[in-house]
Structures are given as structure tokens and as C-alpha cells.
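Heads up: the structure comes next, in C-alpha cells.
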Amino acid sequence: MAVLKPVRLGVNVDHVATVRNARGGALPDPVRAAALAKAAGAHGITAHLREDRRHIRDADMERLKAEIDLPLNFEMAATDEMVAIACRVRPNACCLVPERREERTTEGGLDAAGQRAELAPRIARLKAAGIRVSLFIAADPAQIAAAAELGADIVELHTGAWCDAVTEGRHVEAEAEFVRLKAGARQAAGLGLEVHAGHGLDYATAERIAAFPQIVELNIGHFLIGEAIFVGLDQAIARMRAAIAAGRAAVGDGAAA
């Protein structure tokens with residue numbers, strides 16, 4: 001078996017901005033959090049500029065690109081406004097996600113199969129600007145196939161349903177979701193897509209999914225920012241990196257077969 005590269009950790013700083021915006025003003029600064037994440041060994045920074053600007057602001061995205069020497073993953077809705085902003089900021093990648101104003105967080109995956117007409121020109125415009133395109137989707141065969149057909153470079157598999165089932169002790173459902181994720185990772189890699197995963201991951205679930213040999217990157221935010229309240233961001237990231245490394249090491253032990 002070929003030696004696998006370590007799984008990259010992308011740190012999402014959205015919820016530093018959530019705390020800032022709860023009171024207004026400039027603090028805590030999500031760009032400072034991104035700098036601390038880099039110092040702690042993060043491989044990339046993720047931030048979601050929502051249409052309602054509930055946490056990350058336009059200026060945050062511009063500063064993250066200008067001040068943080070790490071790949072920037074710009075999460076956004078597939079709208080003309082967001083595509084124009086992304087083409088100006090020029091992040092390393094854009095991850096297209098579904099958005100509903102009434103949701104507290106991104107609740108489901110993008111319907112790539114059902115929104116081809118809307119997605120295709122926006123994906124093409126981002127790629128023409130030299131931006132890699134990722135689609136945040138469920139581990140569903142039709143969605144993964146659509147992502148490849150649309151010309152996406154990456155799929156980020158939505159791990160939220162699995163993580164919720166694990167946390168709530170719904171063991172049968174958790175195992176079924178895990179099997180779906182494993183099959184989805186295999187399908188996506190087989191179609192030439194780079195495979196990422198994220199949403200709801202903690203130390204234990206990140207370790208387990210890092211054992212999928214197809215996984216290249218995990219994007220984690222809310223859990224790490226919550227842990228940082230108690231142990232500091234550097235320690236939270238260090239422990240997460242160790243968990244991910246342990247999961248990747250399990251590939252050689254046959255745990256991901």
C-alpha cells in the first residue's frame with residue numbers, strides 16, 4: 001500500500017465572529033484566531049460569508065486572504081453576489097453550501113443534482129478565476145455524481161447526521177451513516193474528486209473518519225472554538241491534530257478497509 005499523506009486540518013473561524021457580533025465591535029477578532037490556528041499547525045482556514053453576514057463580514061474575508069499565509073476556503077451560497085466577492089478576494093477554494101436565513105447553521109448538503117442549471121455557470125466562473133471549487137454535499141451517489149459532472153474539484157461530505165447520531169447514542173443510525181460516508185468517499189475518489197469532510201466533528205469522530213484513505217482534509221470549527229474556551233485554541237488544535245493523525249495511522253492497520 002502506498003504511503004498516505006497526513007490529513008489536512010482546516011480550522012473554521014466563523015464562531016469567533018459569532019461571539020464578536022453578539023456584542024458588536026471588533027473583538028474577538030477572527031483573523032487573530034486564524035493566526036493562532038496557523039501557529040498551532042492548522043493547514044488551512046475556512047470562513048463562511050453568509051448572505052445575512054451573521055458572523056463573518058466582507059472585511060474579514062479580505063483580511064484573512066491578505067494577512068494569513070494559509071490556503072483560504074471561502075464557504076458561500078451559490079449566488080451571483082458571492083461569486084463576485086470570491087472573484088475579488090481570490091481564495092484558494094470556494095465551498096458552495098446551501099443557505100436558509102432561518103437556520104442556525106448549515107443544515108443539509110447542497111442539491112447539486114437538482115440545481116445543475118444554477119450551479120454550472122457559477123462553478124465555471126469561479127474556476128475561470130483560478131479558484132478551486134468544492135461542493136458541500138451529502139454522501140449520496142446521485143449528488144456525488146452530479147458534483148463530478150458539474151466540474152467541481154472537491155466534494156466536502158456532510159458529516160452532521162453521523163455526528164449527531166453518535167452524540168445522541170443512536171448507534172444503528174450512526175453506523176448506517178458511517179457506511180454511507182465510507183461509500184461516498186470511495187465513489188468520489190473514484191470519480192477523480194478530492195474528498196474532504198466536515199460538520200459536527202469532534203475528537204472521536206474526526207479520528208474515525210480520518211481512517212478513510214480517501215480523505216484529504218477535515219474542516220472543523222464550532223467544536224474547536226468551544227474547546228478553546230476551556231483549554232485554549234492551540235491546545236484544542238494540537239489535540240485535534242493528534243486525533244486525526246491517529247485515525248490516519250489506523251489505515252495501515254486495516255481499520256478503514
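Cβ coordinates are placed from backbone N, Cα and C, and glycine is handled just like the others.
Gly200 is the residue from Gly41, Gly200, Gly232 that Swiss-Prot records in the 3-amino-2-oxopropyl phosphate site together with Asn12, Arg23, Gly221, His222. The DSSP secondary structure for Gly221 (3-amino-2-oxopropyl phosphate binding site) is coil. With respect to their backbone Cα atoms, His55 (1-deoxy-D-xylulose 5-phosphate binding site) and Glu75 (active site, proton acceptor) stand 12 Å from each other. Rounded to a whole number, the C-alpha distance linking Gly200 (3-amino-2-oxopropyl phosphate binding site) with His15 (1-deoxy-D-xylulose 5-phosphate binding site) is 13 angstrom.
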